[in-house]
Amino acid sequence: MNCLTVPGVHPGSPGRPRGQIQVIFGPMFSGKSTELMRRVRRFQLAQYRCLLVKYAKDTRYCTTGVSTHDRNTMEARPACALQDVYQEALGSAVIGIDEGQFFPDIVEFCEKMANTGKTVIVAALDGTFQRKAFGSILNLVPLAESVVKLNAVCMECYREASYTKRLGAEREVEVIGGADKYHSVCRACYFQKRPQQLGSENKENVPMGVKQLDMPASRKIFAS
């Protein structure tokens, strides 16, 4: 599958409007936001009314727009829940959503908008740093017309990277950060501890079935 192929459906056409959901998955640093912005700009050039939504708590690079890790930006509407932009979305033909995994109503919103004839493009992490499903985002897969998963470059060995590895000891699922907190990694490097992770506080990257020799006396548990 060509990961850059966009289905040729024209939202808001004079005949019957045909909605669709496009999903762009991948680990951190795989170019998800870059691809989302490329697709939205493509529709803007064709004079479609577009709405780009960003997660309001992600203020790493820009507070008023979507930003890639290399600081390319695009104006966006910040929100913590997609219902907050419902009316604006109804007035748009194309809706782009960045960091879709953080929105609790992502599945319901996308399905509702697609059923009203909108093209909805979602960029999201498919998995957490523990390689578990991120919220309800994977429930979009059976509803979507187009699903792609981009790979990054492993930041530890430079091979293809499909996973996101947390560098710190935080246990919460939602910890927003860049290269200071996360690496994109391949399968082998996901299980390889970095020097600062050799202590006993971070065991998320240990493969199942491997016995732990360093057992802490106590450990704070976070709900995830």
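Glycine is treated like the rest: Cβ placed from N, Cα and C.
Owing to the predicted nature of the structure, the values given are computational and were not obtained by experimental measurement.
For Ser13, the entry in Swiss-Prot reads phosphoserine, with the evidence type similarity to another entry.
Taking a C-beta cut-off of under 8 angstroms and a sequence separation of 6 or more, Asp58 (ATP binding site) has the following same-chain neighbours: Glu99, Phe102, Ile176. Residues or ranges marked as ATP binding site by Swiss-Prot: 26-33, 58-60, 98-101.
If you look up Swiss-Prot, you'll see Glu99 marked as active site, proton acceptor.
Packing around Val173 (substrate binding site) is summarised by its Cβ count: 16 other Cβ atoms lie within 10 angstroms of its Cβ, all protein chains included. Annotated substrate binding site per Swiss-Prot: Phe129, Val173, Glu174, Val175, Ile176, Gly177, Tyr182, in sequence order, evidence recorded as similarity to another entry.
Take the CB of Cys186 (Zn(2+) binding site) and look out to 10 A: across all protein chains shown you find 22 other CB atoms. Swiss-Prot lists Cys154, Cys157, Cys186, Cys189 with the feature Zn(2+) binding site, giving similarity to another entry as the kind of evidence.
Cβ neighbour count for Cys189 (Zn(2+) binding site): 21 (other Cβ atoms within 10 Å of its Cβ, all protein chains included). What surrounds the substrate site, by Cβ distance within 8 Å of the Cβ centroid and not counting Phe129, Val173, Glu174, Val175, Ile176, Gly177, Tyr182, is the set Arg166, Glu170, Glu172, Lys181 from the same chain.
Looking at the residues that bind substrate per the record, Phe129, Val173, Glu174, Val175, Ile176, Gly177, Tyr182, the two CA atoms farthest apart are separated by 12 Å.
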